[in-house]
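Peer 1: Just passing along the structure, written as structure tokens.
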Amino acid sequence: MTIAYDASLAASSEVRIGNTIERHIELAKKRAARKRLINRLLATGFGLFVLFTWWLMSYLGLIHRLIIPPPGEVATAFFRVVNASYFWPNTNVTLMEIGIGFALGLASGVIFGVGVAMFDSVRATIYPYLVALQAPPKILLAPIFITWFGFDQASKIAMAVVMSFFPMFLNTLTGLSSVEPNAVKLMRSLTASRWQTFRYLLLPNALPTMMAGVKLCWTLAVLGVVVGEFVGASAGIGYLIYAFNFQLDISGVFVLIILLSLFTLVVYQLIEKLEKKIIFWSGM
């Protein structure tokens, strides 16, 4: 009887503990959902406040429409620009340049970061030069790339690669180099190969830092392409912005800036969602 009673008591205790844990998990999920809702409301409220302030200053004549056009004019210009025959061909040019430049900058940054982190000879050979190349302002390279590659897409892609390479390289190197030395010694004591150490220890440790580099790499790739199109191009969103500004079509300039910003933000958020899937253990 005593044994049966003890078993029954233990079972009921386990049930109570399980129910308590489930309640805590449910409460944590509700708190997280409530926090996300509050954050969205705050972001929406701030955006509406900025929009209202913009409209009010335009309505009261505090800012000239050639400097900052009223929201109504920008909304009207949106349909004019998007429905124009020149919009989508130029947009496709910029999107292709951004995509290729981002991919090449990302891949080369990861490759060089892994090489410098894993091999001392590579670090001694190329690391000082990579740091030195990062020193000059990148916009100074745009005229040089145009001289080398012409006004076509290659010069804009090169600009995006240069802009996005170093953040990805540095974040990869930092992530791979920040592993606890004792953990590396433990892997060596277990006779792990260099590849096994990289795969099971260094890479998981570096992924959070690398994903931060991916997000920075993305925004700088967009910036690099647009800067390249400003300096010299025959097509692209940056080319249209320059042309609209030359024609004093400031509403059209605002439309293109807003669309480019929204596109950058959407892809940035997709990268954040991918980050949560890849680094599921970080609790982000």
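Every residue gets a Cβ built from N, Cα and C, even glycine.
Curation plays no part in TrEMBL annotations; they are all automatic predictions.
Residues annotated as transmembrane segment in TrEMBL: 37-57, 98-119, 126-151, 157-179, 216-244, 250-271. Annotation comment: TrEMBL describes 87-271 as domain 'ABC transmembrane type-1'.
If you look at the structure here, what lies around each of the features I listed?
Peer 2: Long-range contacts of the transmembrane segment (126-151) within the same chain: residues 112, 115-116, 158-159, 162-163, 166, 169, 224, 227-228, 230-234, each at least 6 residues beyond the stretch ends and with a Cβ under 8 Å from a Cβ of the stretch.
If you look at the transmembrane segment (157-179), the same-chain residues 6 or more away from its ends with a CB under 8 A from one of its CBs are 97-98, 100-102, 104-106, 108-110, 112-114, 116-118, 130, 133-134, 138, 141-142, 145, 148-149, 201-203, 205-210, 212-214, 216-218, 220-225, 227-228.
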Peer 1: Who are the chain neighbours of the transmembrane segment (216-244) in space, where the CB to CB distance is under 8 Å and they lie at least 6 residues beyond its ends?
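Peer 2: Non-local partners: 86-87, 89-91, 93-94, 97-98, 101-102, 105-106, 109, 138-139, 142-143, 145-146, 151-152, 155-165, 167-168, 171, 250, 252-253, 256-257, 259-260, 264, 267-268, 271.
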